[in-house]
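Peer 1: So Swiss-Prot lists the following for this protein:
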REPEAT    29-112  repeat 'Gelsolin-like 1'
REPEAT    150-221  repeat 'Gelsolin-like 2'
REPEAT    273-338  repeat 'Gelsolin-like 3'
REPEAT    414-487  repeat 'Gelsolin-like 4'
REPEAT    535-604  repeat 'Gelsolin-like 5'
REPEAT    645-716  repeat 'Gelsolin-like 6'
REGION    771-910  region 'Disordered'
COMPBIAS  818-838  compositional bias 'Low complexity'
COMPBIAS  894-910  compositional bias 'Polar residues'
DOMAIN    901-966  domain 'HP'
Amino acid sequence: MSSAKPVLDPAFQGVGQKPGTEIWRIQDFKPVPLPKADYGKFYNGDSYIVLQTTCSKGGGAYLFDIHFWIGKDSSQDEAGTAAIKTVELDTMLGGRAVQHRELQGYESDKFLSYFKPCIIPLEGGFASGFKTPEEDKFETRLYICKGKRAIRVKEVPFARSSLNHDDVFILDTEKKIYQFNGANSNIQERAKALEAIQHLKETYHNGVCDVAIVDDGKLQAESDSGEFWVLFGGFAPIGKKAICDDDVVLETTAPKLYSINNGQLKLEDTVLTKSILENNKCFLVDCGSDLFIWVGRLTQVEERKAASAAVEEFIATQNRPKTTRVTRVIQGYENHTFKSKFESWPVNSAGSAGAEEGRGKVAALLKQQGVDIKGASKSSAPVDEEVPPLLEGDGKLEVYCVNGSAKTALPKEELGKFYSGDCYIVLYTYHSGDKREEFYLTYWIGKDSIPEDQEMAFQTANSIWNSLKGRPILGRIYQGKEPPQFIALFQPMVILKGGISSGYQKFVEEKGLKDETYSGDGIALFRISGTSIHNNKVLQVDAVSSNLSPTDCFVLQSGNSMFTWIGNASSYEQQQWAAKVAEFLKPGVAVKHCKEGTESSAFWFALGGKQNYTSRNATHDVVREPHLYTFSLRNGKLEVTEIFNFSQDDLLTEDMMVLDTHGEVFVWMGQCVDAKEKQKAFEIGQKYAEHAAAFESLSPDVPLYKVVEGNEPCFFRTYFSWDNTRSVIHGNSFQKKLSLLFGMRSESGSKSSGDGGPTQRASALAALSSAFNPSSQKNKGNDRPKSSDGGPTQRASAMAALTSAFNPSAKPKSPPQRAGQGSQRAAAVAALSNVLTAEGSSQSPRIGDADTAELTPSAASPLSEGASEFSADKDAPGDGALSEGGRTEPDVSVEQTANENGGETTFSYDRLISKSTNPVRGIDYKRRETYLSDSEFQTVFGITKEEFYQQPGWKQELQKRKHDLF
């Protein structure tokens, strides 16, 4: 008896077993794995399948996205093969991937986020033959760039008629790359186009060519502008933008639901609810600009293929534009975009009964076909608790209790006591690693507090925030949802029953309620459940023995007597904390310690007698991936758009954005956002929390923060690969990007920023570095001609630029700067600025630390008179320059350290940790892990370096902190 032959393609055997990207090209109607060296290269005559595997933050099963990309010259048969093979790949992965159709030039933001900064499809294909850039003679090309974050680069005819006033264009010539900014073009699109220029420069010019900016409508007598127009046959007016069919984007419409049966679509006249989606059927949700195919878990593979084909036919017969997005989701694994099309989405876990049933059937099907599904899922192994980033210690803590229109400062001995009937304002002033004064400002809302006190707490906190010029991060925290950074400020934090404000007392009296406010001479029971500095919150509970639990420790107050009760299953940390809490509540009183089972009669008497009790099941918040969104308000309804694979570069200074970590929600505000809009941050944040509560099980009482660009705290930065030097460069998005990538300044930038400050100095240092290090610009192997080093002329230009930076009153017009080595110049800028702005420092910056040196921010604005009560202590601890971790470091370079170690380029883990007793000197302290050998790296992190750097930046940072490599 012969076994059944697998119908699934063997090219997909064993895929999806680790995070990262895998790509196949369709060749002779079969998927062929693409070499990793060719990732990001797409030929317009081919079709591709792209699998993106990600590891969820909470562990458990991997998450999969499958994209099939269709080149504009790809044949219909190849495109159809890609669609069918995508379904097979999904089946191989257990049938839970989200599938996306991608047309060349109209790719989704998520797809483009895998290939930053952009993709520029190449001519040719497998059938017609490939043309590589190396084989081609250099040809001048004109590109149009669109997109504020995910940039779409499209080649257009090299002619003046292609230009317009509304878009951004890149003209790539053999010796120079020009960016033409249409007069009406978007500032953020101009900034993203610079990233495309950097990509062209590195890919086709070996990193060595000049870059020039040409502004539409500005006819200065500049050589760059003149050269640009000469290439088009001389200057002449350009026409208005012509709208073509490919630019048509349908508006998002009210969703329509179609059932799909035997390849036929039927419009369902019903309200769109989750309950009508049957697990043995496929459905189409038509939203105009977006189409979603929903697939029930119990459908067969052939049914899924037929549904995809039916939707393709639907698009053709409806004559939908190419910009129409098509996404296929599986029951139980619907993405946020799909769920948001419904009025609400009752939350069930992805591993619901229906999902598990379907997954089991798919697994059985694969086994029958002899397919190895070893890599289809990842077991849910327990995850070690990770201590989140906490605020620097030794700061100044001020706490105020709201009492009507007044606020009362708590004395030092009362700090940490919170009554559930009251509201509080907390201001913590501290100094970060670079000695900068920072503020953590929050207002805490007790669960039994009255609305008037809640409103007064918000108004007072907002007034303080305004008086401090928006520098603090401002948070709203509800009782029971305290974030770790808040809890860690108080050692201990104890939540007491009742309230002491006049408003609460009046409310209790008017309602005839029993006043349960904590009294120092009464009977009270406190539960200690936390085990670490960031979660050791203590809660007063009803003083009855049924509230005891073997997994916790308790403190019992009975008049002047104090008991600690130690559960048999409690931890050593809880036991220590119980003794500390008892001393905090009753300083100097002798504490009677009793273990579970050894209680005295006095103990039981205080609790009203002995009763049965059981172990309390501790609840843990679901760990979710962080998400970054842009948003808009339409008719009062919040609409959000996700930024995929986000980074610090996505925080654009003209925007307000929402970062949802599931543990807290941040509303981030760029410096260029209007002041009136900034005042709406909490309103926006609350609307988002309500929106996410309906679809993603987010609590509407989640901690809510607003933070202004340049004042991001450590627990916000940890979700990004953060570079402090970026936050001190002033200007709009375009000006910042121009300075960061090329050390250049735009004409508009000079007008808006006075003498230029850091931007001008960046330009000066870039020119100086380029002039005196011409060897750094050597050819990397490309045979194309490159511009000369410049010699004395370039050095003269560099000295002129440097002189201008140090003498802002003298502003000679500098010649265009060379545009090489963006990252190298950024490092040089940081080193130079450190020299220029460091105050009270007794040492000079080390060459080995140039790429990690931080720029000193501008001085803090003085507080207003009305905020004097909340003013922070200005005395910064310590003196002298400190490296990361607060240690004074000797002036030693990496090279010298390597020589002392016999030429080693790697170091042992014990020497690289931040608390090492024998630290390595002169390394990049922000990238300690890079100095580990490959074998020791895998021993420490449990994964290879390649796998580590494929993870999101925030996840890398958390793991580095866990292993003391930060």
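Note: Cβ is positioned from N, Cα and C throughout, glycine not excepted.
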Peer 1: Which residue counts does DSSP yield for the repeat 'Gelsolin-like 5' (535-604) in the helix, strand and coil classes, in that order?
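Peer 2: Across the repeat 'Gelsolin-like 5' (535-604), the residues distribute as 21 helix, 22 strand, 27 coil.
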Peer 1: Most CB pairs under 8 Å with the repeat 'Gelsolin-like 2' (150-221): which of 29-112, 273-338, 645-716?
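Peer 2: Going through each listed stretch, the top one turns out to be 29-112.
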Peer 1: DSSP says what for the repeat 'Gelsolin-like 3' (273-338): how many helix, strand, coil residues?
Peer 2: 24 helix, 17 strand, 25 coil
Peer 1: Could you give me the DSSP helix, strand and coil counts for the repeat 'Gelsolin-like 6' (645-716)?
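Peer 2: Going through the repeat 'Gelsolin-like 6' (645-716) residue by residue, I get 26 helix, 15 strand, 31 coil.
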Peer 1: In the repeat 'Gelsolin-like 1' (29-112), how many residues does DSSP call helix, how many strand, and how many coil?
Peer 2: 24 helix, 29 strand, 31 coil
Peer 1: Which whole number is the mean pLDDT over the domain 'HP' (901-966)?
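Peer 2: PLDDT averaged over the stretch: 82.
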